[in-house]
Amino acid sequence: MPGTSVSDLSTATAVDAPALLPLPVARPSAPAVVRGKLYIKTHGCQMNEYDSAKMADVLAASEGLELTDNPEEADVVLVNTCSIREKAQEKVFSQLGRWKALKAGGKPVIIGVGGCVASQEGEAIVKRAPYVDLVFGPQTLHRLPELIRARRESGKSQVDISFPEIEKFDRLPEPRAEGPSAFVSIMEGCSKYCSFCVVPYTRGEEVSRPFEDVLVEVAQLAAQGVREINLLGQNVNAYRGAYGADAGDPAQYADLGLLIRTIAQIEGIGRIRFTTSHPLEFSDSLVDAYRDVPQLANYLHLPVQAGSDRILSAMKRGYTALEFKSRIRKLRAVRPDISISSDFIVGFPGETEADFEKTMKLIEDVGFDQSFSFVYSRRPGTPASDLQDDTPETVKQARLARLQAHISAHAASISQSMVGSVQRVLVEGPSRRDPNELTGKSENMRPVNFPGNPRLIGQFVDVLITEAMSNSLRGRIQLDDSAH
């Protein structure tokens, strides 16, 4: 953020985080005059959730638009799209078709399409759905006010799917906390070009936010009561944030390990997470951060995608199953009880039964706690889309069911093993199942429900786990310090 800095960063190393001088304190912004309503429909990943929140911030600050959960009362209606899954485009046009009626009777509703499908399709969206007013990519959401004004003044649809580096972060308003946990985007894009993935084409290559900018945003959120920070990026552990150049010295670069160490020094931050990471960038510096930083959650999401070296090579992942396991061994040497989740693609073109068995062997060897697993979905324009895919869909679905059942059973055993333990839980709010109870998450991402005073919301509490349910844990607040 222009005009702000963290002083004396020139001596920072991957081992010693720079000593922080007082960071800028977040001051409440003057509330914008409400001049209309905004509806946003979000599909896809946590990065999209973050981007949607920033869209709302930008339009509240500049246009006085207030969020609504009813598109029929909105003056601006946006869909933030995801292109990871098959038929993503058709789902978007189906959504737009339903929204076309919002303009009935000449109502001047602005309809906009953002996100990765917008980046892929661009002008084609307006050609197919001429009632769409705005098409904008993930890197141009900060230009929404300009696009809306241009649309209203010219009467023509506006399309901007350019990749202006990291400019969008420089032009976003001060972050607004909405609860004790917050996402902070630290980088955009991916330069790995896995053969199945559209991200480099829809979000561009890797670009990291400056080190100081990230720290200022975290400090502002902490001053508003945020206690847990989740650092976001398509390939978050490739982060290389520049610092030091303002003092006239050549820029230096902070990796994710150093960023975590420094965030841990910010008053109020009690837990740090990050997602999503790539095994190629899982460095010793990051392992050392797990060793040294107690605020770093005892949980890691590290997508492996497959356990067969032949399939990993076809996916262009850049590592073998043995190399992946080596990284996990290093991590467990410093965090023996860490929970690890992963992503898996089943039925990648050319996957044989032997290949799939190697994936199952890897799952058994690593002991994954949770997974996001899917049957391979062909994405047009990616190298993998040209590969011959002759595995029957029924076989793919059977493999997926077997993989998911195995990981679910292991996750259930981990949950059961937590009964009788004391877990540190960040209280997020009332439980959805019982408003008289509170809910939060354990370090390994399990929802925990327990009786408690609503005044505890936003605080960390120790909870004695008394029961493991299918998708959550139950417990009671542990008041006896001797339990540690």
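Each residue, glycine too, has its Cβ placed from N, Cα and C.
Here Swiss-Prot flags 36-153 as domain 'MTTase N-terminal'. The annotation [4Fe-4S] cluster 1 binding site is assigned in Swiss-Prot to Cys45, Cys82, Cys116 on the grounds of sequence analysis. Per Swiss-Prot, domain 'Radical SAM core' is recorded for 176-415. Per Swiss-Prot, [4Fe-4S] cluster 2 binding site is recorded for Cys190, Cys194, Cys197. Look at Swiss-Prot and you will find 416-479 tagged as domain 'TRAM'. The annotation region 'Disordered' is assigned in Swiss-Prot to 428-450.
Look at Cys116 ([4Fe-4S] cluster 1 binding site): DSSP puts it in a helix. Note on proximity: among Cys190, Cys194, Cys197, the binding-site residues of the record, the Cα nearest Cys82 ([4Fe-4S] cluster 1 binding site) is that of Cys197. The highest number of surrounding Cβ atoms within 10 Å, among the binding-site residues Cys45, Cys82, Cys116, Cys190, Cys194, is found at Cys116. For the domain 'TRAM' (416-479), DSSP puts the residue distribution at 5 helix, 33 strand, 26 coil.
Between the C-alpha atoms of Cys197 ([4Fe-4S] cluster 2 binding site) and Cys45 ([4Fe-4S] cluster 1 binding site), the distance comes to 14 Å. Within 8 Å of the Cβ centroid of the [4Fe-4S] cluster 2 site, not counting the listed residues Cys190, Cys194, Cys197, the chain contributes Lys192, Tyr193, Phe196, Val198, Val199, Pro200, Gln234, Asn235. Here the C-alpha separation of Cys45 ([4Fe-4S] cluster 1 binding site) and Cys190 ([4Fe-4S] cluster 2 binding site) works out to 15 Å.
Cys190 ([4Fe-4S] cluster 2 binding site) sits 13 Å from Cys116 ([4Fe-4S] cluster 1 binding site), taking the Cα positions as reference. Between Cys194 ([4Fe-4S] cluster 2 binding site) and Cys116 ([4Fe-4S] cluster 1 binding site), the C-alpha separation comes to 17 Å. The DSSP secondary structure for Cys190 ([4Fe-4S] cluster 2 binding site) is coil.
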